[in-house]
Amino acid sequence: MGLRLLACLFHLPTAVIYGSLSLFVSILHNVFLLYYVDTFVSVYKIDKLSFWIGETVFLIWNSLNDPLFGWLSDRVFLSTQQAGAEISSPEVVLKRLRALSHNGPLFAISFLAFWVAWAHPGLQFLLCLCMYDSFLTMVDLHHNALLADLAVSAKDRTSLNFYCSLFSAIGSLSVFMSYAVWNKEDFFSFRIFCVLLALCSIVGFTVSTQMLRQRFQTDGKAKWDQESTLKELYIEKLSVPPEKRITLAEYLQQLSRHRNFLWFVCMNLIQVFHCHFNSNFFPLFLEHLLSDQISVSTGSFLLGVSYIAPHLNNLYFLSLCRRCGVYAVVRGLFFLKLALSVVMLLAGPDQVYLLCIFIASNRVFTEGTCKLLNLVVTDLVDEDLVLNRRKQAASALLFGMVALVTKPGQTFAPLIGTWLLCAYTGYDIFQRNPLNNVVSAQPKLESAVALEPTLRQGCFYLLVFVPITCALLQLLSWSQFTLHGKRLQMVKAQRQSLTQGQALEVKTI
């Protein structure tokens with residue numbers, strides 16, 4: 001029975017094994033996002049100054065480590081393509097798989113460092129965040145880069161992304177299971193739960209990467225034997241110039257001339273902002289717009305749906321991408337975001353059921369769009385390779401550069417959101433019980449009561465005008481993006497011809 005199961009595992013499609021890596025990330029990362037702040041604030045009692053210092057350093061490191069690790073990983077691929085040079089080989093995939101096999105288990109171990117007090121809370125908070133994010137970045141960069149390296153056609157890439165979404169949805173179940181063991185007074189059960197999750201992740205990364213490495217090692221050996229035979233017959237050209245290595249400054253200059261890259265990061269910066277705005281203010285919208293209209297269980301259901309539905313919804317979006325193309329689907333989602341927001345604005349805040357649907361769908365569709373954009377980045381990888389005639393696609397580096405430009409949206413979301421709310425209503429989200437602090441004096445009490453309708457109205461306008469503004473700006477920038485249709489087909493055809501290798505000149509026998 002065991003041998004039969006093992007045989008089935010080794011015969012799984014490559015797309016399934018690749019997608020399973022998302023499972024071993026999501027089972028840990030969702031729990032981390034949900035509990036790490038509460039753990040340090042409520043359990044370890046970190047002081048406010050240490051917390052903000054840790055978060056500030058984390059935000060800086062979080063933005064810089066993506067391009068840094070991408071450059072360290074892919075700088076060797078930035079040389080220009082020369083006649084007879086190898087453009088694609090299983091060794092590139094094997095390099096990424098080796099990185100995943102090492103960093104995946106280390107990522108799981110760094111996850112465990114949060115749940116045991118081993119240093120001063122401020123120091124532990126800073127070290128844990130930076131260590132965890134470093135290994136998560138390495139895993140994400142190489143996993144996303146494999147999406148561009150394993151396949152070139154849109155059909156194959158959407159298939160890979162389909163399984164990533166499926167396994168990410170399964171991984172989201174760890175959030176629901178964590179509720180059963182989360183207890184701030186008795187942390188033992190939660191720690192055991194986290195250890196079990198980490199063990200599953202370590203075993204999963206080890207087995208999945210090993211299975212993929214075995215497949216590509218076999219392919220690599222066959223390709224090496226073929227190349228050895230061809231090289232014996234290869235007629236070298238006398239005028240082949242030496243290979244030119246690209247410096248970081250030259251690479252950045254190339255990116256600054258990459259028009260589609262620039263329009264994409266402008267659009268994606270707004271998308272990242274909107275995703276994190278929804279995540280940051282989702283509880284606030286539930287509290288001030290719906291808390292007196294719906295039950296606690298309904299609110300919990302909306303929160304749960306907002307976590308798992310984007311992954312399931314993405315399965316449908318990917319099927320649309322196969323038929324209509326990623327560009328058309330993303331543009332359609334921007335129009336849908338705009339239309340739903342305008343309908344909600346016209347309906348007003350008193351339509352409870354419509355408000356529930358809008359709050360949930362706004363987050364689901366926004367997160368779903370974010371998950372489709374990796375496919376666009378892989379197309380940009382192809383265009384970058386073709387435009388600059390690279391020796392090999394610098395997939396991880398381009399993903400890192402996208403993250404460098406767009407991750408500030410994570411910081412802008414809470415800052416701009418709280419500023420808008422405070423400017424319109426005078427409500428300070430950081431103040432403890434801002435509406436109920438002053439009840440001794442009657443005029444102040446009346447002022448606090450009078451503020452509540454304004455606060456509810458302010459939350460409603462924030463809820464609808466932010467997506468309207470984001471949608472309009474995104475439609476403007478997305479209309480300038482030209483890597484679709486015939487141009488995309490031309491780029492992919494050129495990449496595929498390079499991937500297959502320009503035929504070596506062979507002596508006529």
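Glycine is treated like the rest: Cβ placed from N, Cα and C.
Of the given residue ranges 49-64, 385-400, 465-480, TrEMBL assigns the label transmembrane segment to 49-64. Beyond the transmembrane segment (160-182), the same-chain residues lying 6 or more positions past its ends with a Cβ under 8 Å from any Cβ of the stretch are 15-16, 18-28, 30-31, 34-35, 147, 150-151, 189-190, 192-193, 197, 304, 307-308, 311-312, 314-315, 318-319, 371-372, 374-375. Within the chain, the transmembrane segment (324-347) has long-range Cβ neighbours (under 8 A, six or more residues past its boundaries) at 154, 317, 354-355, 358, 361-362, 365-366, 368-369, 372-373, 375-376, 379, 463-465, 467-468, 470-472, 474-475, 478, 481, 483-485, 488.
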